[in-house]
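*Asks:* Before I ask anything, let me first share the structure, which is written out below as structure tokens.
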Amino acid sequence: MTETGDFILQTQGLTKEFKGFTAVNGVDLRIRRHTIHALIGPNGAGKTTVFNLLTKFLTPTRGTIAFNGRDITPAKPAEIARMGVVRSFQISAVFPHMTARENVRVALLRKLGTSFHFWRGERALAPLNDRADELLAMVGLERFREAVVADLPYGRKRALELATTLALDPELMLLDEPTQGMGREDVELVTQLIRKVSANRTILMVEHNLGVVSTLCDTITVLQRGAVLTEGTYAEVSADPRVKEAYMGRAA
Amino acid sequence: MKTKLAYLLLLALLLVAPFLVYPVFLMKLLCFALFASAFNLILGYGGLLSFGHAAFFGGAGYFTGHALKVWGLPTELGILAGALGAALMGLAIGQLAIRRHGIYFAMITLAMAQMAYFLFVTSSFTGGENGLQGIPRGTALGLFDLQNNLTLYYFVLAICALGIGLIARTVRSPFGQVLAAIRDNENRARSLGYDIERYKLLAFVLSAGLAGLAGATKTVVFQLASLTDVHWHMSGEVVLMTLLGGLGTLAGPAVGAGVIVTLQNYLASGPLSAWVPVVLGVIFVICVLAFRRGIVGELRALIRNSF
């Protein structure tokens, strides 16, 4: 079917209710392959909840999720990751007591198939070093290989998180506010990085920084109170009066 | 280079030790060093506080005792049977407990260990209150008579060195890396595609099996398997040893075990014999308040900061 061929991820009527409160209400998302798609909306619009539903960190109350035309609604988070949908988190998700190289290596390790081998020494990890260093260099962390991650500045941690995610070579990357809490320089750096890694990949990102969204994203979906308000290119969406209203409140 | 030298020195010390100190005391020390190190694998490296490790330690003692006394197995096989039995118990208890976190995990392991205690008290093969006595030590490889304390010491030293060596290797292995990642950030590990429960379970089973190896060896040394070793006091004691020595350090638990066992032995014959729990309690309080990283942890921090 051409329809599933065009779209890597589709949701239908995705709904999440928490005890009498509907956080996500009948969301139909269609993410076109090899594009960068943004999910924006005011605080509490349900963006992160949608992310958690897509990666099954939360179970939807209703609705279905299809990845490459295949229903993944009942799958577990780790399974989703193994299929090629890998997410990042709003707060930087790194392994703080390990070095930068070890962080990336842990991600590479799973495909090597030795992750249960408790009787093998450090040498069993050595074959991963080259690829790990390559990924670190890609995000500008080559000088920090041996640094314990807890000591790295925030922007570097986010870069490392990106390298770790890339290590899995995901078909679809879900980035939850990749530039949150960053200074202008770091934002610039991460924006370029995302553009760089988007080749041959699909990216869905939640982002508050509209500057980043306007330069990076092909399609933007605006969420409000758990439902889709509108969808389109940046120009289309930013011209929509309802979007301004959602962000600013009703014009006085 | 320096670490290699340190290991050689330690080895030399352990080899001559039985000529200076009573070997049975040293063997007890070694067994507890292995027990605490096995416990540290799940607490220090897995981030899971088990409050039921006595079940594995003491349970293995019963299995080994039975295998040696009733079945008449060779000593090595008897010890292996004990460790395997403990690992199986670990698999059963782990399956139930591993999905829980923090205090809930601790409570489930405690409850399961109490059930195991009850089973050991009531079943006939354990000898109930009397325990299993007069367990034969047998021979090592059918050649060396283990009735000789000195011979037995080297046998026990080899077992404990192998056990602690395996733990050291596990921590640095690919599996150890995944375990460290899970302890650091469970959700991130999950989002990288790891079924974290399976890794935790393997760590728990390894820890239980190695704790069993320690308990089985101790049974051979004392020719006795008793309720003391499955009682929840023992689960508490191993927590104390590990924290005192240094959580998540390789040498820490062994050092902690050394300090506690030495103190117990020393105090038991002195005027403070009735006050042993109080003395240990005070030490524990000081440890938690003043040097939270434990003996080895604090020393390591001291060395790191002064260079």
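The backbone N, Cα and C atoms fix where each Cβ goes, and this holds for glycine too.
Features from TrEMBL:
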- B:6-25: transmembrane segment (TRANSMEM)
- B:32-57: transmembrane segment (TRANSMEM)
- B:77-96: transmembrane segment (TRANSMEM)
- B:103-120: transmembrane segment (TRANSMEM)
- B:151-168: transmembrane segment (TRANSMEM)
- B:201-226: transmembrane segment (TRANSMEM)
- B:238-260: transmembrane segment (TRANSMEM)
- B:272-291: transmembrane segment (TRANSMEM)
*Asks:* When only pairs 6 or more apart in sequence are counted, do the transmembrane segment (B:32-57) and the transmembrane segment (B:272-291) reach 3 or more Cβ pairs under 8 Å?
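*Replies:* Per Cβ check, the transmembrane segment (B:32-57) does not touch the transmembrane segment (B:272-291).
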*Asks:* Let me spell it out: take the transmembrane segment (B:6-25), skip the flanking residues so only those 6+ beyond its ends count, and list any with a Cβ under 8 Å from a Cβ in it.
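*Replies:* Contacts with the transmembrane segment (B:6-25): 149-150, 152-153, 157, 221-222, 265.
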*Asks:* Between the transmembrane segment (B:103-120) and the transmembrane segment (B:151-168), are there at least three Cβ pairs closer than 8 Å, leaving out pairs fewer than 6 positions apart?
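*Replies:* The answer is no, given that the two segments have fewer than 3 Cβ pairs within the 8 Å cut-off.
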*Asks:* Please report, as numbers and ranges, the same-chain residues at least 6 past the borders of the transmembrane segment (B:201-226) whose CB is under 8 Å from any CB of it.
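*Replies:* Beyond its ends, the transmembrane segment (B:201-226) has Cβ neighbours at 24, 27-28, 30-32, 34-35, 37-39, 41-42, 45-46, 48, 50, 53, 56-65, 68, 75, 78-87, 89-91, 93-95, 97-98, 126-127, 131-138, 146, 152, 156, 159-160, 163, 166-167, 170, 175, 179, 238.
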*Asks:* Report, as numbers and ranges, every residue of the chain located at least six residues beyond the transmembrane segment (B:238-260) whose Cβ falls under 8 Å of a Cβ in that stretch; write 'none' if there are none.
*Replies:* 29, 32-37, 39-40, 43-45, 49, 51, 53-54, 57, 164, 167-168, 171, 211, 280, 283-284, 287-288, 293-298, 300
